Amino acid sequence: MKRFNVLNSLVFKLHKNSHENIFSITKLFSSASQPLTEMEADQVTKQQLLDSINSSQWHFIKQVSPKLTPSLVSSTLFSLQKTPDLVLQFIAHIESHCLDARTRCLAIGIVSHLPSQKPALQLFKRAINDGLATNIEFFDALAISRDELGVKSSIVFDFLIRAYCELRKGDDALKCFDMMKKKGISPKVETCNEMLSLFLKLNRTDTAWVLYAEMFRLRIKSSVITYNIMINVLCKEGKLKKAKEFMGFMDSLGVKPNIATYNTIIQGYCSRGRFEAAHGVLSTMKDRGVPPDSYTYASFVSGLSKEARLEEASMMLGKMKEIGLVPDARTYNILIDGYCNKGDLDLAFSFRDEMVEKGIFPTASTYNVLIHALLMECKMSEADHLLKEMEEKGIAPDVITYNILINGYCRGGNAKKAFDIYDEMVVKGIQPSQKTYTPLLYVLCKRNRMKGADNFFEKIQGKGVYPDLIMFNALIDGHCAIGNMERAFALLKEMDIKKVTPDEVTYNTLMQGRCREGKVEEARELLEEMKNRGIKPDHISYNTLISGYSRRGDMKDAFNVRDEMLNIGFNPTLLTYNALIKGLCKNQEGDLAEELLKEMVSNGIKPDDSTYISLIEGMQTVDNCSLSSDL
C-alpha cells in the first residue's frame, strides 16, 4: 500500500538515537490500521482517494465520505474517466451530500460508457428522486459534463429522457426532448419510442401524435416498434380502420409488420366486439407467413368472454391447443372469470384443474377470481379452504385477495371475521386501500354501530385515505336509520367541505330520515335542494315523499307528488301504489283504494303481500266503524 512506502522512506531520514522520531514511526504505523481522526479526514487528498479506489479500499472511502466535497469528488472522477466500473463503485460508497447535480452528471457521463445501460439509468433515477435539480438544471449540468469529458455522443441526454420516462414523468421527458432540439441534437429512435409508449400508457394520445409528428420533422427514422406504438394509439382512440390503414402505410415504407403489429390490431377489434374483423386480420397474418401466438388467441378469448360468449371463447382455447400453442395463466384466468360471472363454478374449477394438469401454475389472480365467486354465493367455508390451498402452494394473498375476503364477509354481515382479516393484512404489512375500508365502514353502519363507524371513519382519514361518496352515503344512511339527523346533515356539510359531490342516494337517504320523523315538508325541501344542485330525483325520491304523505294521511299531497312524478316521465311502481293504497285505507277510503288496485293491475304491476294486507286492514277498520255506529 502507498502509505507504507511513504513510511519506509521516512525511516532512512530518522536519527538513530532520536526517541521522538521512534515515537513518530510508531504513531504512523498504528494509524494505518486505525480510523482517521477528524483532522486527518479533513486533509484527505485526491491521490489518497485514487489509491484507495484502485486498491478497492472501500472501507476507507466510507470512513472519509462525510468530509468529501463535490469539488474533490469531481476532480477524482475526472482522473477515473477511463475506468467507469470503478466510478460506479466509488459513488456507491460515498454519501449523497458529496454529489451535487453537476457531480452526478459527470459520474453518469463516465458510467454511460459501460456495456450495460442500466447503471446510468439507475443513477439518473436516483438523482431525480432525490430532487437535486429541475429538468433544465440537470440538462445544463449534463451538457457541461459532456463537453468537459469530450463526449460526442448524445447518449447521456437520451439516458436523462429515458429515466424521466421510467419514472412516468412525461412532461419532464418532453422538456428535455425540446432542449435537445435547441442544441441541434436528435434523440435516438429508442428514446422517442419510450416517450411514445409512456404517453400511450398515460392515455395522452394527443401528445403522442405531436411527438410523432416532431420525429418526422427531425427525420428520426421510425422503427417497427414506433409503428406498433402508434397503431396501439389509434386502437386506443377507437380508430380501428385507420390502425389497419397505418399497417399498410408502414408496409409501403418497407417496414414489415411483425407479430406485435397484428396482435395489437386483433386485440383492438376483439376488445370492441368486432370479431369478424379480427378474424380477417388473423387470416392476413397467416397468409403473410406470420404465425399467430398465444397472445393472438388470448385476445379472442378475452373479447368473447367479455361479451359472455363463453362457448366460443372455449372453442378458441381449443383451436389454440390444436396448433400446439400452450395457453398461459392469463388466458385461463379470463375463462375462469367468465364462468364465475355466469355462475357456473363447476366449469370454472374444471379450467383451474386443466391448467394445473398442463403444468401451468395458478396465480394470485386465479385464486382471487374463484374466492370472490364462492363468497358471492355465500360459500364461506369453501372460500376459506381455497385461501389455505393458495398459501400452501406458496402464493401469497395480495391486497386484492384481502379486499375480496373483507367485502365477502361484510356482505354476509360477519363484521368480526371481516375485521379479523383486516388486522391480518395489516400485520403482514399489506397496505389497505380505499376498497378495503369502504365495506368495513358499510358493515358497521348496517349493524347500527355508529359510534364505531364514526371512529373508524376518523381513523381512515388519519391514514391519509380520502373518503369517497360511498363512505359518506353509508355513514349518512346509518345515522338516519337510528334517527340521528343532526349528524347526518353534519356529514352532508363535511362532503361539501371535502368537495365530495352528493348524489341522489345521499338525498334520498336524508329524505327518508325526515319522513320517518314525520317532517315531510322538510323532506320536500330536500327534493328542491337536490334539483337546484343539478341532481335528478329518481323513483325512490318521489316514492319517499308519497310514502311520507300517505303515512301521515295527507292523501291530496301524496297524489300531487304522484302526478308530478307522472309529468316528468316516471311511471308509478309497486312501491308507489302500495304507499297510496295504504294511505287511502288508513283514511277509510276503501273505494278509492280498490279503484287504485284495478289501475295497478291494468298497468301490469302485480300486487304483493303488502298490498293485500293494507286492503284487509282497511276493510277491518271500516267494519269496526260500521259496528260501532250500529251499536
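Including glycine, each Cβ sits where the backbone N, Cα and C put it.
As the structure is a computational prediction, the values presented were derived from the model and not from experiment.
Residues or ranges marked as repeat 'PPR' by TrEMBL: 153-187, 223-257, 258-292, 293-327, 328-362, 363-397, 398-432, 433-467, 468-502, 503-537, 538-572, 573-607.
Nonlocal intrachain contacts for the repeat 'PPR' (538-572), taken as residues 6+ away from its ends with a CB within less than 8 angstroms of a stretch CB, comprise 504, 507-508, 511-512, 514-515, 518, 520, 523-524, 527, 530, 579-580, 582-584, 586-587, 589, 600, 603, 605. Helix, strand and coil content of the repeat 'PPR' (363-397), in residues and according to DSSP, is 26 helix, 0 strand, 9 coil. Helix, strand and coil counts under DSSP for the repeat 'PPR' (468-502) come to 26 helix, 0 strand, 9 coil. Across the repeat 'PPR' (293-327), mean pLDDT in this model comes to 92. Break the repeat 'PPR' (153-187) down by DSSP state and the numbers are 25 helix, 0 strand, 10 coil. Secondary structure of the repeat 'PPR' (538-572), assigned with DSSP and counted as helix (H, G, I), strand (E, B) and coil, comes to 27 helix, 0 strand, 8 coil.
Per DSSP, the repeat 'PPR' (293-327) is made up of 26 helix, 0 strand, 9 coil.
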